[in-house]
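First comes the structure, then the notes that go with it.
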Amino acid sequence: MLLRSLTAQTPSRIPLLRPFSTGSGWRTCKNFLSDSPARRPRLYPVGTARHCSSDSDMATKHLDDSHERIFENNRKWVEAMKAEDPEFFVKLGSGQSPEYLYIGCSDSRVPANQIMGLGPGEVFTTRNIANLVPNTDLSVMSVINYAVRHLKVKHIVVCGHYGCGGVKSAMISADLGLLNPWLRNIRDVYRLHEDELDSIPEPQRYDRLVELNVIEQCRNVIKTAAVQQSYEKEGFPVVHGWVFDLNDGLLKDLKVDFEKMLKGIKKLYNLSAAPPTAEEPSASEPLAKRQREE
Amino acid sequence: MSSNGERGRRAELCGSDEHPHPRPHHKQQSRPEANAIAIPTAENDQFAYALSSNEAWAGYKNHQNPTFFPKLAAGQSPSILWLGCSDSRVPETTLLGLQPGDVFVHRNIANVISPTDINSSAVIEYAVAHLKVSHIVLCGHTCCGGAAAALGDSRVGGVLDTWLTPLKAIRRDHAEELAAIKDAGDRAIRLAELNVEKGVQNLLANYVVEEHIRTRNIKVHGVVYDIASGKIRDLRVGNASVMPGAGKEMAAPSKMEVLQGNHGVLIFKEGGSAMTVG
């Protein structure tokens with residue numbers, strides 16, 4: 001698998017990220033390794049560019065240096081893609097059908113596409129502080145709804161990362177104003193696993209809290225009606241929990257047992273019945289009736 | 001938003017052969033038998049592909065620069081906060097040509113910035129007040145499903161209608177202008193632009209953003225990304241084209257804005273065009 005990824009991709013997978021960045025598209029590894037540095041757009045070393053006398057000086061310098069090469073790369077890429085599939089850009093412009101929904105942290109060090117090695121069009125993404133899925137947050141609930149019901153994604157990934165600033169901030173005994181209500185979700189995760197976490201020394205305790213937070217957010221994803229109904233009907237999406245390690249760039253699969261988790265959740269959070277149609281009585285009526293009978 | 005015309009028809013292409021991107025050999029998951037474990041394990045599965053992709057990427061980055069990950073682990077100091085759409089075709093680091101560590105990111109459906117949305121508000125607060133970013137880029141895009149849905153008249157369903165209410169409100173505010181645009185795609189682009197403009201206004205009115213514009217002169221940019229060409233267009237609706245404190249347009253010769261990441265640069269040029277450098 002890995003070997004195939006590195007060397008023997010179907011040719012059409014190779015150039016996706018090529019023109020945009022020298023370092024972001026691992027998928028172009030083969031090309032990178034065979035590229036002479038001179039062929040790549042030159043990067044200004046960190047620090048030097050910031051010391052240019054003004055932004056416009058720097059911009060002019062930058063444009064002079066890199067403008068042509070970048071557009072040349074872009075033109076080549078367009079030609080390569082079109083040679084394989086004349087309709088490539090027409091299709092890209094006409095719609096998306098990603099296989100993945102990625103729910104991750106806003107942290108700048110964890111760019112979804114790069115760490116997964118996937119190109120434009122392949123991952124529907126939402127990112128927020130500490131990759132949370134609070135059940136009353138309409139933003140993330142809308143994302144899940146759209147991804148599952150309309151895009152029909154096959155996999156939902158909740159991805160946390162060690163050294164998460166949000167998770168650390170949440171455990172500080174301080175009033176953080178607007179961040180309080182958001183970060184409180186993490187304190188709730190701690191409370192759910194208090195005994196286990198209390199028994200672990202710092203800093204490992206934070207690493208475990210990051211993992212448990214991912215697992216709890218997976219639970220929250222599975223609690224949604226969209227996921228339960230789609231899985232019952234179609235057999236997807238499957239929910240996964242990952243943690244990204246900044247120290248080596250590797251993803252750790254927490255091996256969330258989706259089936260088991262789903263079964264456990266349905267005991268209390270079963271929303272898999274379809275919503276009542278217009279002809280049927282209102283949603284509250286059967287419940288009221290049932291309660292009367294009880 | 002499958003109930004909305006052209007966009008809906010496109011969304012329904014999911015899983016069909018008409019996919020814009022080639023994929024790893026994906027085996028369609030069939031409905032699992034009772035008690036069967038649904039976690040895909042086949043080596044040709046999408047999921048396994050992403051994980052092995054990651055391994056290859058990490059190995060390559062480490063080979064290229066052994067201090068890359070240790071440095072990353074030491075902390076982040078991004079200069080850009082990116083507020084964009086969840087759409088899979090708009091991956092920010094790819095289209096900005098930037099690297100891990102450069103850009104703090106929030107993405108939601110149709111890049112809506114509502115003043116009372118706790119999710120985006122928390123991101124903005126954290127990025128501006130704690131990480132002290134210098135630039136906020138709000139990015140809309142062409143072919144946006146959210147914009148198309150807001151231009152339709154049928155219910156999308158679930159929580160989505162509520163989420164898209166700000167777009168509906170913009171549609172009502174600009175009903176005449178939008179109705180005059182014949183092409184549905186162009187109309188959606190115009191709504192996406194107006195949505196960015198509104199979002200930028202909300203950002204400029206945000207207490208933390210206001211305070212940091214005053215004290216640190218941070219810049220708010222509103223842009224639209226054209227999916228079919230890969231280019232970013234600066235709508236010049238933020239405070240970036242205004243001289244600090246002067247309240248007027250910058251002098252003509254320096255009408256150029258540079259966003260400096262740690263590894264790459266984004267340049268806004270006069271005439272609304274922009275380019276990315278990796």
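From the backbone N, Cα and C atoms, a Cβ is placed for every residue, glycine too.
Neighbours of A:Asp107 (Zn(2+) binding site), defined as other CB atoms within 10 A of its CB across all chains, total 28. TrEMBL lists A:Cys105, A:Asp107, A:His161, A:Cys164 with the feature Zn(2+) binding site.
The feature region 'Disordered' is assigned by TrEMBL to A:273-294.
For A:273-286, the entry in TrEMBL reads compositional bias 'Low complexity'.
Apart from A:Cys105, A:Asp107, A:His161, A:Cys164, the residues listed for Zn(2+), the same chain places the Cβ atoms of A:Gly104, A:Ser106, A:Arg109, A:Val110, A:Ala130, A:Asn131, A:Gly160, A:Gly163, A:Gly165, A:Gly166, A:Val167, A:Val210, A:Phe244 within 8 Å of the centroid of those Cβ atoms. Taking 8 Å as the upper bound (exclusive) on CB-CB distance to chain B, the binding-site residues A:Cys105, A:His161, A:Cys164 give none. Taking the Cβ of A:Cys164 (Zn(2+) binding site) as reference, residues of its chain lying under 8 Å away and at least six apart in sequence are, in sequence order, A:Cys105, A:Asp107, A:Ala130, A:Val210.
Other Cβ atoms within 10 Å of the Cβ of A:His161 (Zn(2+) binding site), summed over all protein chains shown, number 27.
Around A:Cys105 (Zn(2+) binding site), taking its Cβ as the centre, 26 other Cβ atoms fall within 10 Å, counting all chains.
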